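Participant: Dropping the structure in here first, questions after.
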Amino acid sequence: MRVYVLNGPNLGRLGTRQPEVYGTTTYADLVELCQQTGRELGLEVVIRQTDAEQELLGWLHEAADLGACVVLNPAAWSHYSIAVRDACALLRAPLVEVHLSNIHAREEFRHHSVVSAVATGVICGLGVDGYRLALHHLAARAR
């Protein structure tokens, strides 16, 4: 089963951007974690990161066309991008929204995600373990 792991703006800066909020794991470490977890679960993991909303929309459309599951960390786009929300609504397979930090324990403007309403589930505040949990959930659903 193919699973897209898609990451939005600034996630390529993991490890150096606000480590007190996002931890010290680098983006390269996150990629390896997702690939390793995918191998253990028999998943084909396609992992991507972008700072360009248009690019993320294209990847979501690709996943929708293929009927692929998605693990999505929309980052800042969670809070205001109706375009990302609408692209997620096109998905025919499960979508798990992931956030490294607990968005409900941060600034007020981060408390609401427009994506959550169309997600199968949401994992937040568990750091990079959230990605591992999302992949395990999708693998279990496929059985």
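Each Cβ is built from the backbone N, Cα and C atoms, and glycine gets one as well.
Note that the coordinates shown come from a computational prediction; the quantities given were computed from them, not determined experimentally.
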Participant: To which of Arg48, Arg110 does Swiss-Prot also attribute binding of substrate at the site defined by Asn73, His79, Asp86, Leu100, Ser101?
Facilitator: Arg110
Participant: Please give the greatest C-alpha separation between any two of the substrate-binding residues Asn73, His79, Asp86, Leu100, Ser101, Arg110, in angstrom, as a whole number.
Facilitator: 24
Participant: Could you tell me the C-alpha distance between Asn73 (substrate binding site) and His99 (active site, proton donor) in angstrom, no decimals?
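Facilitator: That separation, Cα to Cα, works out to 6 Å.
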